[in-house]
Amino acid sequence: MTKEQEKILIEKSIASCEGAYVPYSGFHVGACVLGEDGKFYTGFNVENVSYGATICAERSAAINMMTNSSSRKILALAVAAGDTCDTMPCGICRQFLCEFMAPDAPVYTVARNGDYMVKTFAEIMPFAFTSFKKD
Ligand SMILES: O=c1ccn([C@H]2C[C@H](O)[C@@H](CO)O2)c(=O)[nH]1
Ligand SMILES: [Zn+2]
């Protein structure tokens, strides 16, 4: 992850907030992932009147990557929302992303003005459930 890639990832996450479909919460979230192919894939949250059917920006970006490339590894993730850089991926997204992100992969949480925090995936998803054994 170069400084230039970091800048692009963050900027694309902010720009992606624009497309969010949020008639219920009004909370625009944008996300961007860097695939193992070195390309960037964006997503945003898409809400539903049946609230639980809502898809978060992070999963939307990951699905965009897999739909449009053969990348199945996410090297870095940025998620942008609101005026502060403390919007963290929800529990469902953390479990979903676990399949595709290494423990040391960076997760950027970004504010509209470009401020950000960075954590590793392992920091936000410790003791993850990653496998099961059949009887
Ligand atoms: O990390 C997050 C947190 C929330 N949301 C969405 C889900 C819903 O549309 C709205 C309010 O929870 O924000 C995301 O997309 N990503
Ligand atoms: Zn989520």
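Each residue, glycine too, has its Cβ placed from N, Cα and C.
Worth saying up front: this structure is predicted, and the values here are computed from it rather than measured.
What TrEMBL says about this protein:
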- Glu58: active site, proton donor (ACT_SITE)
- Asn45, Val46, Glu47, Asn48, Val49, Ser50, Tyr51: substrate binding site (BINDING)
- Cys56, Cys90, Cys93: Zn(2+) binding site (BINDING)
- 4-132: domain 'CMP/dCMP-type deaminase' (DOMAIN)
Original post:
Taking the binding-site residues one at a time (Cys90, Cys93), which has its Cβ surrounded by the most other Cβ atoms within 10 Å?
Top reply: Cys93
**OP:** Restricting to the domain 'CMP/dCMP-type deaminase' (4-132), report the mean pLDDT as a whole number.
**Re:** 98
Subject >> Other residues, Cβ within 8 Å of Asn45, Val46, Glu47, Asn48, Val49, Ser50, Tyr51 Cβ centroid (substrate site) >> reply: Tyr21, Tyr24, Gly52, Ala53, Thr54, Ile55
**OP:** Output: those binding-site residues from Asn45, Val46, Asn48, Cys56, Cys90, Cys93 whose CB lies less than 6 Å from an atom of ligand 2, in sequence order; none if no residue fits.
**Re:** Cys56, Cys90, Cys93
Subject >> Lowest local Cβ density (other Cβ within 10 Å) among binding-site residues: Asn45, Asn48, Ser50 >> reply: Ser50
Subject >> Position of peak Cβ density within 10 Å, selected from the binding-site residues Val46, Val49 >> reply: Val46
Original post:
Which of the binding-site residues Glu47, Ser50, Cys90 have a Cβ less than 6 Å from any atom of ligand 1?
Top reply: Glu47, Cys90
Original post:
Hey, of the recorded positions listed (Glu47, Glu58), which one tops the CB count within 10 A?
Top reply: Glu58
Original post:
With DSSP, how much of the domain 'CMP/dCMP-type deaminase' (4-132) is helix, how much strand and how much coil, in residues?
Top reply: 43 helix, 34 strand, 52 coil
